[in-house]
Amino acid sequence: MGPLQREDRPALGGANVAPGSSPVGVWHQPQPPKEPAFHPMGWSLPKEKGLILCLWNKFCRWFHRQESWAQSRDEQNLLQQKRIWESPLLLAAKENDVQALSKLLKFEGCEVHQRGAMGETALHIAALYDNLEAAMVLMEAAPELVFEPMTSELYEGQTALHIAVINQNVNLVRALLARGASVSARATGSVFHYRPHNLIYYGEHPLSFAACVGSEEIVRLLIEHGADIRAQDSLGNTVLHILILQPNKTFACQMYNLLLSYDGGDHLKSLELVPNNQGLTPFKLAGVEGNIVMFQHLMQKRKHIQWTYGPLTSTLYDLTEIDSSGDDQSLLELIVTTKKREARQILDQTPVKELVSLKWKRYGRPYFCVLGAIYVLYIICFTMCCVYRPLKPRITNRTNPRDNTLMQQKLLQEAYVTPKDDLRLVGELVSIVGAVIILLVEIPDIFRLGVTRFFGQTILGGPFHVIIITYAFMVLVTMVMRLTNVDGEVVPMSFALVLGWCNVMYFARGFQMLGPFTIMIQKMIFGDLMRFCWLMAVVILGFASAFYIIFQTEDPDELGHFYDYPMALFSTFELFLTIIDGPANYDVDLPFMYSVTYAAFAIIATLLMLNLLIAMMGDTHWRVAHERDELWRAQVVATTVMLERKLPRCLWPRSGICGREYGLGDRWFLRVEDRQDLNRQRIRRYAQAFQQQDGLYSEDLEKDSGEKLETARPFGAYLSFPTPSVSRSTSRSSTNWERLRQGALRKDLRGIINRGLEDGEGWEYQI
């Protein structure tokens, strides 16, 4: 049930009955509202029946339902309160008035199964308000109420057990279970769906409700009474999946461990490996959602420490579900294809960053550089074929004085005669074969990922996929036009040249300095520039029409920039981009309105809108620059996964070591050696920079360098000094520096070092 307001009212006695209600609490169903006689916009509806009228009525009903979901829910909750006050039985259950409830239940005419506006019974209301005494009276009088679900669209399927569980009323849960309440009942109402406007998602079963609210006692009670920990909701999510989606990470980790302790060995597959309808296990879902706390918690359960030697620790990390080798839906691919920015933070976690670094340095970067070099040579070959395309002098007479064409395309029979033509033919065949290979490589990925994900994800190179596929089609169109002797091959050839060379920017993602800039360009084009083009089109249409009207009566020979409407549009576009200056002829008098209109156009277009575009692009650059390393790391992962799928296995061996060598089965592991004292010198520099008093923490830093750094908490106590009384701006600056210092110290002392993609010696990988 929804969040109802608890109103302070006097206890309901035997005579205190709502006005207009029967003393026995019989509740009558309200009449359904009548259809409106008029359309919401004021149009009367015809009375004749027919297909058009039926469609019209459906459209009107659909238009009526386009109100806010939250507003509809609020109205139903208000109606629910009204119905409760109109029904003595429901009101007694709400007020926990056991005496009045007993009197009402003794009347033969009392309908104990009556329902409120949400389809709730009196037992639902008693459970909602934690009224244990009223609930016991109702269950004694009508035990079947325990099994009754709510019937409204919002709360369909919810039983009293669901409500008692979510309120953490342990005594009521015990009473309901003792009377046979179903532990497998499913709450399928729209309130319980996983939607953006829903504030909670607790699944559908009472067990998932109990796990999400963090009640360990209720979880144990439900499991003891037969609750299935492997039960899945309509989305295929188990209780472990649902815990991943909860905001309270601490309770989620505790409940996760508790539920796994009940997962016996009578199943072939562990509960952690049960996928939902999207094929995601709880571990993969944690990565896709960017739940770092749960991801680290699960990784702690999957790692095996080999040995510890002072500050050195050798750890084996299980790569199951992480590595893209042998997994069509690996965690690496899921992270780079999701739209959630938080998921990219998983790429900075151990062992994901080490695995990505290992793959990129060993195989990804060399193969990607070779692929880029091959493509550049290929596009140069295609360019040379276009530059030296077969042409011959034009022999037809020119009738149009403005036509200055001198050469024309050769026929197919004349195009391949000389040895120079044969050499060009080899290049053309290479270009055609390359275009076919591009289509064969790209099209399968479209069907595998879907059109939206393949072309819409910037990290995957979405716009570049559009460019390269369009380029390949233009090459094939040029070939067809050449074979059929159709004039105009210059059109697809020109498009192919522009697109082919623009696609060279795709290979900039292999370099940390250039990769993020390609994303900036994409975001500016498809974000800032697209929005700006709408405004620019409106301004150009308005002023071009004005210029055309002004010069409509003038001699076009003296000033022909706005002679006809298409020319006026093009000239205004050039003026907007300041490609040309304002047209003027000082030998004749120009219309006065031209000067006024052009002055307004110059102010709006040049001074206002162009500077607005520059400001928008600057803001986009600032936002992307703050995510530069994160975006480049995601580009590296996407490129690595792409190359791994395309190349044969003999050219890309699997990374890691097989668990059979360590008695860990057939799973693959990555061994990471962590040295926590690598950044001690950098810590000392930070500490000296922020030192403000004598030797409060320098003695600790001068201790034996072999001593193991445990946590940052003791250093935080030594390095926290009282802030002197200074101005507000100085205090704010000091606070920010303090946060920076604390963050740097605590991060380094924990041994969490972001060196997954650097060339330094911060991490060592031994395979």
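Cβ atoms here come from the backbone N, Cα and C positions, even for glycine.
Residues or ranges marked as region 'Disordered' by Swiss-Prot: 1-39. The annotation repeat 'ANK 3' is assigned in Swiss-Prot to 156-185 on the grounds of experimental evidence. The annotation repeat 'ANK 4' is assigned in Swiss-Prot to 202-231. Residues annotated as repeat 'ANK 5' in Swiss-Prot: 235-276. According to Swiss-Prot, the repeat 'ANK 6' annotation covers 278-307, on the basis of experimental evidence. As annotated by Swiss-Prot, transmembrane segment applies to 367-387, 425-447, 463-482, 489-508, 529-551, 596-616. The N-linked glycosylation site annotation in Swiss-Prot covers N397 and rests on sequence analysis. Among the features that Swiss-Prot reports, motif 'Selectivity filter' is placed at 580-584.
In summary, the transmembrane segment (489-508) does not lie against the transmembrane segment (596-616): fewer than three C-beta pairs, each 6 or more positions apart in sequence, are under 8 Å. Applying DSSP to the repeat 'ANK 4' (202-231) sorts its residues as follows: 17 helix, 0 strand, 13 coil. Residues 1, 119, 121, 123-124, 126-128, 130, 132, 135-136, 139, 143, 145-150, 192, 202, 204-207, 209-210, 213, 215, 217-218, 221-222, 225-228, 231 of the same chain sit 6 or more residues outside the repeat 'ANK 3' (156-185) yet have a Cβ under 8 Å from a Cβ within it. Taken as a whole, the repeat 'ANK 3' (156-185) shows an average pLDDT of 92 in this prediction. Taking H, G and I as helix, E and B as strand and the rest as coil, DSSP gives the repeat 'ANK 3' (156-185) the counts 16 helix, 0 strand, 14 coil. The helix, strand and coil residue counts that DSSP assigns across the repeat 'ANK 6' (278-307) are 19 helix, 5 strand, 6 coil.
Per DSSP, the repeat 'ANK 5' (235-276) is made up of 22 helix, 0 strand, 20 coil.
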